[in-house]
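Here's the structure, in structure tokens; my notes come after.
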Protein chains: 2
Amino acid sequence: MTQTSITRSWVASANGHADFPLQNLPLGVFSIDGSLPHSGVAIGEHIFDLHAALDAGLFEGVAKAAVEATLGGQLNAFFELGREARVALRERLLELFAEGSSLRGKIEAQGTKLLPLAADCTMHLPAKINDYTDFYVGIEHAQNVGKLFRPDNPLLPNYKYVPIGYHGRASTIRPSGTDVRRPKGQTLPAGQSEPVFGPCARLDYELELGIWIGQGNDMGDSIAIGDAADHIAGFCLLNDWSARDIQAWEYQPLGPFLSKSFITSISPWVVTAEALEPFRRAQPARPQGDPQPLPYLLDKRDQAAGGFDIELEVLLTTEAMREQHLPAHRLTLSNTQHMYWTVAQMVAHHSVNGCQLQAGDLFGSGTLSGPENGQFGSLLEITEGGKKPIELASGEVRKFLEDGDEIILRGRCRREGFASIGFGECRGKVLAAR
Amino acid sequence: MTQTSITRSWVASANGHADFPLQNLPLGVFSIDGSLPHSGVAIGEHIFDLHAALDAGLFEGVAKAAVEATLGGQLNAFFELGREARVALRERLLELFAEGSSLRGKIEAQGTKLLPLAADCTMHLPAKINDYTDFYVGIEHAQNVGKLFRPDNPLLPNYKYVPIGYHGRASTIRPSGTDVRRPKGQTLPAGQSEPVFGPCARLDYELELGIWIGQGNDMGDSIAIGDAADHIAGFCLLNDWSARDIQAWEYQPLGPFLSKSFITSISPWVVTAEALEPFRRAQPARPQGDPQPLPYLLDKRDQAAGGFDIELEVLLTTEAMREQHLPAHRLTLSNTQHMYWTVAQMVAHHSVNGCQLQAGDLFGSGTLSGPENGQFGSLLEITEGGKKPIELASGEVRKFLEDGDEIILRGRCRREGFASIGFGECRGKVLAAR
């Protein structure tokens, strides 16, 4: 029973659902009214409570073991089980929810197990994040930002050899919907030699794909590029909120620090590699004539199908826009095809020195901009560092984000002959500095 | 009952012990022959098993609650309790082990509670490290390294305003004694434009002070400089092993990554702020005429006594030296007085943007070199990047570390009229690349 052979569900809202049709089945962790967090699966406008379903005896064998590993409010142990458990659970969920399923009655008899997604459910981080690494694989972003500083030579010499990444702050990763307190910090006013302290004046978003690590490796071992896909548990959207003025002053010589660590937002649903399978494509952004990846980053299968075709969108609303009921302003329409390195290459690179990866580690892709206007994944690129403000339907202008602004990330996969699937939203609203 | 009023212990090996006299009483987590990890206190040549002592009814009130928080093999919950619990435990331990203590009989009746430190005890990481941040507050190191690249202008403009730091990898922090597998990675051979892949050829150590975070803060809140000392649980030694050739090629534009993340070694005993109290000194490394710290980094008490006088030493042995029974070669003799920023300033800075700190987070100080030959805290500085090899008594020379080399860090506090205390060792031996 495969994704293409089952197309419709008896859960009516799933059929044609923009994010969560039967073909997606992403996993997450939720709670209702302060109850203990349960694991669940999004289907249409509902959450299927995996704890309750387990108690009702709906799982057996490997699928049952998979669900048991989701108990406790964190998916780390489930991620650690790897692909076999994930696939067994998916197959069972497809059986349970397929149109005409003989199990429909058994599920519906347990009235509490399909909960309304939008109503009272609070989504949590799906896993305990031990370590968070932010990569820089969006080559158009690297070029756009590089051009601001080095017009003639925007890419550094290592870019096409090294999947550049750096360690991020794990403690401040939060699920969609968490407000974003404007950070304070040191900034250097233009033309001055001494910094001042105060609220960030150049608050920005960054549009990224998040990657959840599944099975880890022991310290001292490396994950071969050909095995790397087996170590990825799933995907989410990630907003790498950035304080550009703090960043400019602090980042030499050791990289961004407080300019990023105040919060990172992620979409709470883990979209699996299996759900994304129809939307794989050749590793896209490496043009002919570019250097061949070094052998530890080179794998035929990865070159042929290591990329993804995921449409990524960023929307902005301001307080005034919301009061006037104006539609959200689209800031970005981009795609994961702008990744210069694949997720397998990120995993192989990260572990090639013996660095230990663990189930529940999170990677960010880096900002995924396209080359054109309308495709830029940050205000830094859109407004050229504040020089070209954008105009909104409310009559307001924006160089960077102001208090009350809300940023919404969306991700969607479309392909002729396949159901579209999506990631749900990654939202965050800016609050004034304390 | 204070540190100065009790000077001798009935535990004979504690009196005059180089590291662990009665005045120190550092906490750690140990196990014997694969048993479950217990918390313990180092005293002389022994470990006092806190679990067993709790069972024997040796603690009451706040001290009892403190010990209960150390159960489970990780000190995070104990760190979270903060200063009051730490002080209550310390006071009780001083009572238990003071010369002439009426409780000696009760402790000795429980024969298993004073274990030989050196024999069968395996030391573990004392806490689950959620996030690890490496600072760069050793100003002499920053100048020494800066000179290699910018002889006329070694310090970057932000150095005297910003306690520079960056996120490190938490998953590969290991206790003293863990072997160091030589990492592999990309390096750019001199004069070439394309990198090669292979074992690191410029493996180095970095001598640092480690700082354990106690009580944390909520995301969005900041820890005021005047309160920062209350958020520090203790201290250790830290070796920030570094692959210089990998670092040189990868670190632009986002900082060091795989050149550091293969392993970081720490000494396993948590030396408390209370034990270090007699060795506090004025914030030492900021000369007259330097810019005043911004108000969020400025506190009178911190300026007056925020520094430490801790002597730091690095020793090297090679396989040949060990075979010939030659004494270890001293590479470094330095001191924490070369910190430009205090640990309170690090805490205040790290959280000023609302970044959440959590009990069990670890900070590294950055390399603590002095300005003179013999005081440099890395081979990069000692050999000027490999240009001036060092000669060893075995007749060998070293530009960087070779397989079989062992690095040993030591830290010691000395002050007239006070018992010396130390940190124990932080050791690591280099293994050949896989």
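Glycine residues also receive a Cβ, built from the backbone N, Cα and C atoms like all the rest.
When secondary structure is read from DSSP and collapsed to three states, A:His141 (active site, proton acceptor) falls in the helix class. Annotated active site, proton acceptor per TrEMBL: A:His141, in sequence order.
Residues or ranges marked as Ca(2+) binding site by TrEMBL: A:Asp134, A:Glu206, A:Glu208, A:Asp240. Counting only same-chain residues at least 6 apart in sequence, those with a Cβ under 8 Å from the Cβ of A:Glu206 (Ca(2+) binding site) are A:Asn239, A:Asp240, A:Trp241, A:Ser242, A:Gly366, A:Thr367, A:Gly377, A:Ser378.
Positions annotated as substrate binding site by TrEMBL: A:Tyr136, A:Arg150, A:Gln247, A:Tyr251, A:Thr367. Sequence-distant neighbours of A:Tyr251 (substrate binding site) (same chain, six or more apart, CB under 8 Å from its CB) are A:Phe257, A:Ser259, listed in sequence order.
Sequence annotations record features per position, and here TrEMBL assigns Mg(2+) binding site to A:Asp240, A:Lys260, A:Thr264. For A:Lys260 (Mg(2+) binding site), the Cβ neighbour count at a 10 Å cut-off comes to 28, with all displayed protein chains included.
Residue counts for the domain 'Fumarylacetoacetase N-terminal' (A:23-126) under DSSP (helix as H, G, I; strand as E, B; rest coil) come to 44 helix, 23 strand, 37 coil. Taken from TrEMBL, the feature domain 'Fumarylacetoacetase N-terminal' applies to A:23-126.
Among the features that TrEMBL reports, domain 'Fumarylacetoacetase-like C-terminal' is placed at A:140-430.
Marked as region 'Disordered' by TrEMBL: A:173-193. Remote same-chain partners of the region 'Disordered' (A:173-193), defined as residues 6 or more beyond its termini with a Cβ less than 8 Å from a stretch Cβ, comprise 123-125, 129, 132, 199-201, 203, 241, 243, 245-246, 248-250, 258-259, 262-268, 362, 403, 424-434.
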Residues from A:Tyr136, A:His141, A:Glu206, A:Asp240, A:Gln247 facing chain B - recorded positions, CB under 8 A = A:Tyr136
Sparsest Cβ environment (other Cβ within 10 Å) among binding-site residues A:Gln247, A:Thr264, A:Thr367 belongs to A:Gln247
Where does A:Arg150 (substrate binding site) sit in the DSSP three-state scheme?
-> coil
Taking the mean position of the Cβ atoms of A:Asp240, A:Lys260, A:Thr264 as the Mg(2+) site, which residues outside that list, in the same chain, have a Cβ no more than 8 Å away, listed in sequence order?
-> A:Asp134, A:Gly168, A:Arg169, A:Glu206, A:Leu238, A:Asn239, A:Trp241, A:Ser242, A:Ser261, A:Ile263, A:Gly364
Alpha-carbon distance [A:Thr264 (Mg(2+) binding site); A:Asp134 (Ca(2+) binding site)] in Å = 11
For the region 'Disordered' (A:173-193), the DSSP residue counts stand at 0 helix, 9 strand, 12 coil
Distance check against A:Gln247 (substrate binding site) for the recorded positions A:His141, A:Glu208, A:Thr264, keeping those with Cα within 10 Å = none
Can you tell me how far the Cα of A:Thr264 (Mg(2+) binding site) sits from the Cα of A:Glu208 (Ca(2+) binding site), in Å?
-> 11
